[in-house]
Amino acid sequence: MMNVSKCSKCLNVPDDILMLTCSHDLCLLCAAKSFSQQPSKRSKKFFVCDICSSNTELDANSVYELEKLHLTTALQDRSNRKPASQSKSNIQSDKQLKPRSQNRQENKENAKEKPIKYTAQTMEARVSVHQSQRNMSKQQSENSFIQNSRGMCVDHPEEEVSYYCFDCNSKCICPECIIHGIHKNHEVKTIKKSYPIVRKQLEDQLEQNNQCIIQVENQKQELEKKQIQQQAIQDHLRLQIAQEFQALHQLLNSKQSELLEKVDNQPTIMEQQDGYMNRLNEVEFKLSNFNEKINDVIDSKDECGLLNYYGSIYGQPTPQIPPLPNIKEVQLSNQIFSQINDVKKLIGGLDIDCNQ
């Protein structure tokens, strides 16, 4: 499970956090406040850290979320300040009577109660904004209903509208539409009686839409959390794969050195052939000397000497040609390449499963 960082400014552990490249992570409330206070001439694609002044590039969704969060908190603070301004004089008079030590104590308690989870605060802010919008739209609809005229019927332009059909839920109709028109025998009510009924239905629809908006925002937050976690998992996998293959490269280099050393330590074909050649030369040298002595004895024409020489060498073995040595070069190379093929099969059989 991934550890969640604390906010570098308020030191809280929020549900959502803005991760900066300078490692100074901020909760979204602190990030939205800092982002709103940055100079307007600066590009909105970059977030300037208040602690180290380093830049972090933001995508369009992050910029939109920070600006929207700042707007909702500003509207909430503005709505909270309105009732407080009415009793401002009483609060100031009470503060003047309180000792400084009590004021300090109250400030400390307020500072402890200030950190609030991002999700709860944003939901309350959204509900407050939707409530104010609903009140404004209700007031505007009532004013427009009072000020504007009802208008004329679409099907009967000479008749003024005064009814509403609940079976068709179309535009307002005139009495002629009910008596002789397509709305005959339908459930109809006067505009005055229909207005609160339809307004209640629209208010219910508005409340349902607000709940859906909150659910959508919550799902977006969950998806953003999962995206951050998935990105962290992918970064960890990349690092682990790089480390494992680095160790594998070292192992392969060590195995290569070991095999080369085995080849270097084994007697080569040339060495064995040179030894055999020396033995052949030695036999040839002995036979040549033997032939020279025989020729000398024959050329001397000394009958007694020839017989004596023959009697001295009779029964002695004649130098023989040594047998050809058994060179196992093919078997040695087969053994080495068999080990190399085993390593190739091991690497080729790696089965990487990223879902584990």
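Just so you know, glycine gets a Cβ as well, placed from its N, Cα and C.
Sequence annotations record features per position, and here TrEMBL assigns region 'Disordered' to 76-117. The annotation compositional bias 'Polar residues' is assigned in TrEMBL to 76-102. Residues or ranges marked as compositional bias 'Basic and acidic residues' by TrEMBL: 103-116. Under the heading domain 'B box-type', TrEMBL lists 148-191. Among the features that TrEMBL reports, coiled coil is placed at 199-236.
DSSP assignment over the domain 'B box-type' (148-191) gives 6 helix, 9 strand, 29 coil.
Mean pLDDT for the coiled coil (199-236) in the predicted structure: 94.
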